[in-house]
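Single-structure report; data block below.
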Amino acid sequence: MAESVERLQQRVEELERELAQERSRRALGSGDGGGGRARIEKMSSEVVDSNPYSRLMALKRMGIVSDYEKIRTFTVAIVGVGGVGSVTAEMLTRCGIGKLLLFDYDKVELANMNRLFFQPHQAGLSKVQAAEHTLRNINPDVLFEVHNYNITTVENFEHFMNRISNGGLEEGKPVDLVLSCVDNFEARMTINTACNELGQTWMESGVSENAVSGHIQLIIPGESACFACAPPLVVAANIDEKTLKREGVCAASLPTTMGVVAGILVQNVLKFLLNFGTVSFYLGYNAMQDFFPTMSMKPNPQCDDRNCRKQQKEYKKKVAALPKQEVIQEEGEIIHEDNEWGIELVSEISEEELKKSSGPIPDLPEGIIVAYTVPQKQEDSVPEVTVEDSGESLEDLMAKMKNI
């Protein structure tokens, strides 16, 4: 009880300070949006202590990004403002993104304090409200739109679809990118369903239950595998993830892993939006071996999501409509023009032997090939040996053997 009273007193003091700051700003007529500074209309590369964008604009001078100011024209929606999502939102805010849409239904708890960003005095507030308050103070140039609800319910799903398709920097325009920073399969599938239906590009992220590995994945509907194309093992095995949760047992959580995953996620977002570097379709992280595997996955033609299959057909039509570029094959340079000794390269096995050593190739979906085939077992043919009957009796044969 005493802790609750103390927490409420701290919250009252915080609100009183905010009120005093707001009254002071209005009295001075500064017109700033929070954070103790006026809004900056245009990014500048001027190197002065009062310019929060000077080091970001230095990327242009160093030839990394051609037009960094373009970042202020983009809108990003973040679903899940927890360990990864809150840090992702903070990084994008510091980078000067144009607009952020935040979706989460949960509240800040003291158990969240190990996952960066949130502060103890914010316990009890909704995560989106606490995040918006902190982020506005960090960068008042960014526009924020927060929604405190669960996107997996039927009524909220329609509103979620509406906001990602109309909540861009210019109202009525779609967002440029959706980031999934949720921690359960149901929410990921909800985002996947919405983005497949709208043809919306999105990035998925996650941290393992033991907190020592994570990943990010870029999903372009029709072009790359969606989340339903290759479901996690726990889902493929028909296991209800709700039954995995036990009372008094929770998943591990490391702020270091959360920070690394959020960092590579935002890095991929910046490369995708500002068109520099190589954008990874899948990038993993294993803290135990410091291993960062990368790969790309083609969509599954037999995906359970009908909108995914529809997007695949549209993507194939788009690719087929592109003008075909003629591939000019360059002849390899001849190292030795003359062959004085008549040397020839001969295969170790003939084509007939190669066919016998290979088995039948199974019928697989497009894009999947077998590494090897199992040859069919052939029964060893034993030549028949016939012996002519000599006509001698068994006693005569035994007598001959004794004389040998």
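Every residue gets a Cβ built from N, Cα and C, even glycine.
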Residue in ASP49, ASP67, ASP104 which Swiss-Prot records at the ATP site where GLY83, LYS127, ASN150, ASN184 also bind: ASP104
Annotated motif 'UFM1-interacting sequence (UIS)' segment (source Swiss-Prot; candidates 87-99, 243-255, 334-346): 334-346
Swiss-Prot annotation of motif 'UFC1-binding sequence (UFC)' - which of the ranges 133-148, 197-212, 357-372, 389-404 it falls on: 389-404
6-36, 347-377 - the one Swiss-Prot records as region 'Linker': 347-377
CYS226 (Zn(2+) binding site) - helix vs strand vs coil (DSSP): coil
CYS226, CYS229, CYS303, CYS308 excluded, remaining Cβ within 8 Å of their centroid (Zn(2+)): ASN192, ASN196, ALA225, PHE227, ALA228, PRO299, ASN300, ASP304, ASP305, ARG309, GLN312
Nonlocal residues around CYS226 (Zn(2+) binding site), in sequence order (Cβ under 8 Å, 6 or more apart): ASN192, CYS195, ASN196, ILE219, PRO299, CYS303, ASP305, CYS308
Collapsed DSSP category at CYS303 (Zn(2+) binding site): coil
